[in-house]
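Report on the following structure.
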């Protein structure tokens with residue numbers, strides 16, 4: 001008889017698989033191992049599929065943000081828009097997103113995380129159809145505003161939903177997929193927008209919304225939201241589905257319910273509660289990270305990268321823009337892998353250090369150009385600095401603040417606190433994108449040196465204030481923050 005050898009895990013001895021499977025005890029052990037592996041695969045599949053459905057909203061986010069860049073000349077020509085009218089079309093997305101951000105917490109608390117995603121998708125679909133059928137600036141702006149409102153809600157509810165359904169060992173990586181899909185969505189919109197008309201590009205924006213609406217029919221609601229809503233039976237069914245059919249969920253369910261019950265005895269959260277000692281530290285962390293994320297200048301540098309390269313001396317900004325697209329996606333993937341291995345704090349501090357270096361190099365390139373020194377080095381410094389900046393931002397400062405935002409707030413204040421944090425983020429995005437060209441006219445080197453200063457402040461703030469949340473349940477994270485207050 002041929003002998004197939006396996007190792008006894010406990011004793012380190014070689015066993016004969018054919019003979020030893022005749023042993024009933026060993027048969028039982030093997031069957032248990034196979035069953036556990038099957039349960040793990042089943043639970044991971046449900047979590048991963050639910051995450052895939054949710055990040056369709058992130059892809060839609062990126063598609064909306066990236067839509068205006070490749071369509072500017074064709075929309076202006078077809079609809080006879082002035083530069084001011086097209087600028088309104090571009091910026092009104094941010095205004096809609098601010099309103100969506102303000103209402104995102106209330107919508108997700110009252111209708112559930114799935115209800116909020118469904119509402120957001122409907123607004124985006126309405127907006128894209130308005131853009132497609134527009135024959136004047138008015139309907140174009142209305143459509144852009146609606147898509148902005150939709151992604152304002154998506155920007156809050158997607159990372160929150162993913163954080164609430166994920167096991168703690170996968171939560172960081174899965175939540176980071178939110179940022180990855182935003183990057184992919186904007187890159188795809190930019191690339192295909194150069195090949196098809198702006199009306200057809202608007203119709204492509206419907207695809208992720210349709211996939212999301214269809215997928216929502218098959219994924220569970222957030223167990224933590226169901227527990228908070230008092231839907232006990234649905235809570236256990238959803239948690240069981242996410243963790244595997246035969247997995248013992250008793251301990252996790254008890255921990256979630258104990259946390260909810262402790263919060264239920266508290267009065268309903270009000271906006272003034274966010275400045276109280278109980279929640280103040282979490283709010284400071286969430287708001288400050290979003291301020292730093294925006295004021296290192298990402299929207300100014302990202303939106304006007306092509307013009308920045310031209311000002312630095314390149315004959316065309318297209319090559320640099322393509323290089324940015326090539327850098328963003330793989331680096332964001334790397335960040336997704338590292339976030340649950342390295343932790344949130346190290347990743348965001350390393351990222352801020354890279355942003356500082358990128359800003360210094362780019363600012364120096366403009367300084368040298370202004371002084372007519374080493375002119376042959378100016379384009380290389382500018383492109384290298386911007387690419388280092390984009391790579392550093394993509395690996396940490398882009399995704400990690402959203403991950404931390406989804407983790408640090410207790411569920412009773414998550415709606416109102418999350419809305420505040422997302423509103424701050426969108427307000428910062430508007431402020432940076434609006435002022436970037438004015439600042440560059442004032443002083444191109446000074447603009448990038450100012451952004452580098454914010455990168456340094458980010459490192460100091462994270463070192464002093466931000467807790468490490470890797471490998472902890474949401475309840476453990478929030479208890480830890482309360483103890484340190």
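The backbone N, Cα and C atoms fix where each Cβ goes, glycine too.
Annotated in TrEMBL:
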TRANSMEM  44-69  transmembrane segment
DOMAIN    50-470  domain 'Major facilitator superfamily (MFS) profile'
TRANSMEM  81-103  transmembrane segment
TRANSMEM  115-133  transmembrane segment
TRANSMEM  145-163  transmembrane segment
TRANSMEM  175-194  transmembrane segment
TRANSMEM  200-219  transmembrane segment
TRANSMEM  283-305  transmembrane segment
TRANSMEM  317-339  transmembrane segment
TRANSMEM  346-368  transmembrane segment
TRANSMEM  380-404  transmembrane segment
TRANSMEM  416-436  transmembrane segment
TRANSMEM  448-466  transmembrane segment
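When each of 115-133, 283-305, 416-436 is checked for Cβ pairs under 8 Å to the transmembrane segment (448-466), 283-305 comes out on top. Beyond the transmembrane segment (115-133), the same-chain residues lying 6 or more positions past its ends with a Cβ under 8 Å from any Cβ of the stretch are 54, 57, 60, 64, 100, 104, 107-108, 139-140, 142-151, 153-154, 156-158, 161, 199, 202-203, 205-206, 209-210, 212-213, 216. Counting residues 6+ beyond its ends, the transmembrane segment (81-103) has Cβ neighbours under 8 Å at 64-65, 68, 72, 75, 120, 123, 137, 140-141, 144-156, 419, 422-423, 425-427, 429-430, 433-434 in the same chain. Mean pLDDT for the domain 'Major facilitator superfamily (MFS) profile' (50-470) in the predicted structure: 84.
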